[in-house]
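Visitor: I have a structure here, written as structure tokens, and I will follow up with some questions on it.
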Amino acid sequence: MSRVFNFSAGPAALPESVLQRAQAECADFRGAGMSVMEMSHRGKIFMEVAEKAERDLRALLNVPDDYAVLFLQGGATGQFAAVPLNLQPGGQAMDYLDTGAWSGKAIKEAQKYGPVNIVASSQSHGYASIPDSSTWKLDPGAAYVHYTPNETIGGVEFHFVPETGDVPLVADMSSTILSRPIDVARYGVIYAGAQKNIGPAGLTVVIVRRDLMERKSAGVPAVLDYALQVKNDSMYNTPPTFAWYLAGLVFEWLMEQGGLAGMAQVNERKARKLYHFVDNSEFYRNPVEPSARSWMNVPFILADDALDGSFLKQAEEAGLSGLKGHRSVGGMRASIYNAVSEAAVDALIEFMADFEQRHA
Ligand SMILES: *Cc1c(COP(=O)(O)O)cnc(C)c1O
């Protein structure tokens, strides 16, 4: 078997040991005579898988009891609608921080459901920084404050939790969840599409403070209805069973790595190495303000963009995959999620240094 170093932004790398275990368990799942994909989600075997995954995720994130954990479908994009539908029944304003492409999409969706107040925007700075919190215009009467802790495309990350007083804080953690410990109690709702740091595409994890579930508007579709899904243990309709199972294997793997404190150490080291290399080169550049640089997504550009094509081609040949930047911004992007090892980052830096030497 030959596996490349995979820097894809999403769907992204999964731990090899997880894939091997899934392969070994595939055709005859734990003695059932069928795969996990072929059995009822309400049967005893799958219920155990589902419950263990939830238990492990709760342990990893230290989720307090007054929070429900949901395993849903529809992606983070589904949650862009679910959040206003569940949390803003009465036409109140909804506060949004505008820090890049994904918060922009969340804002656009929320505007369908009521008035959106842009608390602050870094658009005029090319989304390369986080607006200074002293300039934020929070509405104390807002239904909630939404932000995107890690902007996957811009490579901009909050290294602090916004202070919103009594207004519930909602976070799209798609590309940063499980990269480090967080204090769940600071949030009203946390949601994440699985395909970056949790498991395969098709699963969406939502963590919601239970008291917030009483707010919903009458028109919320059943699949997006937090209270209904909680009441039905995320099984109001058929859940994404395979993705749920695989996420559970990833949670076990994370525990073997020392949990989120262990991951944070490795992730910080990986990111620091790569930024250090880029900053000390005349050939590569990262445009993001140092205090807002992402641990998970590292965009960089070459001094001469005419070399982009050969950089990507030679990287592929060297076993480094998925480095092309998002189509909206160009350049390169290395996504270095939990399952991307430090050895992968070392190999990338070595390749970049070699390419620079040959082309500078
Ligand atoms: C990938 C991503 C999304 C989109 O997720 P889908 O599951 O495709 O809807 C939303 N927000 C962030 C921060 C992302 O990284």
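Backbone N, Cα and C define each Cβ position, glycine as well.
TrEMBL annotations: computationally assigned, not manually curated.
According to TrEMBL, the protein has these features:
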BINDING   R42  L-glutamate binding site
BINDING   A76, T77, W102, T152, D172, Q195, N237, T238  pyridoxal 5'-phosphate binding site
DOMAIN    4-348  domain 'Aminotransferase class V'
MOD_RES   K196  N6-(pyridoxal phosphate)lysine
Visitor: Can you go through the binding-site residues R42, N237, T238 and pick out those with a C-beta less than 6 angstroms from ligand 1?
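Guide: The qualifying binding-site residues: none of them.
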Visitor: Hey, does DSSP put A76 (pyridoxal 5'-phosphate binding site) in a helix, a strand, or just coil?
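Guide: Note: A76 (pyridoxal 5'-phosphate binding site) is helical by DSSP.
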Visitor: Summarise the model's confidence over the domain 'Aminotransferase class V' (4-348) as a mean pLDDT value.
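Guide: Summarising the domain 'Aminotransferase class V' (4-348) by its mean pLDDT gives 97.
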Visitor: Of these binding-site residues, T77, Q195, T238, which scores lowest on Cβ atoms within 10 Å?
Guide: T238
Visitor: Count the Cβ atoms, other than its own, that fall within 10 Å of the Cβ of T152 (pyridoxal 5'-phosphate binding site), considering every protein chain shown.
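Guide: Around T152 (pyridoxal 5'-phosphate binding site), other Cβ atoms within 10 Å: 28.
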Visitor: Counting all other Cβ atoms within 10 Å across every protein chain shown, which of the recorded positions R42, K196 scores highest?
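Guide: Counting Cβ neighbours within 10 Å, the top one is K196.
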Visitor: Tally every other Cβ atom lying within 10 Å of the Cβ atom of W102 (pyridoxal 5'-phosphate binding site).
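Guide: If we count other Cβ atoms within 10 Å of W102 (pyridoxal 5'-phosphate binding site), we arrive at 20.
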Visitor: Have a look around N237 (pyridoxal 5'-phosphate binding site) and count the other CB atoms within 10 A of its CB, chains all included.
Guide: 12
Visitor: Compile a sequence-ordered list of residues in the same chain as D172 (pyridoxal 5'-phosphate binding site), six or more apart from it, whose Cβ lies below 8 A from its Cβ; state 'none' when nothing qualifies.
Guide: A76, Q79, F80, W102, S103, A106, H146, Y147, T148, P149, Y191, A192
Visitor: What count of other C-beta atoms do you get within 10 angstroms of the C-beta of A76 (pyridoxal 5'-phosphate binding site), across all chains shown?
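Guide: The answer is 25.
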Visitor: What three-state secondary structure does DSSP assign to W102 (pyridoxal 5'-phosphate binding site)?
Guide: helix
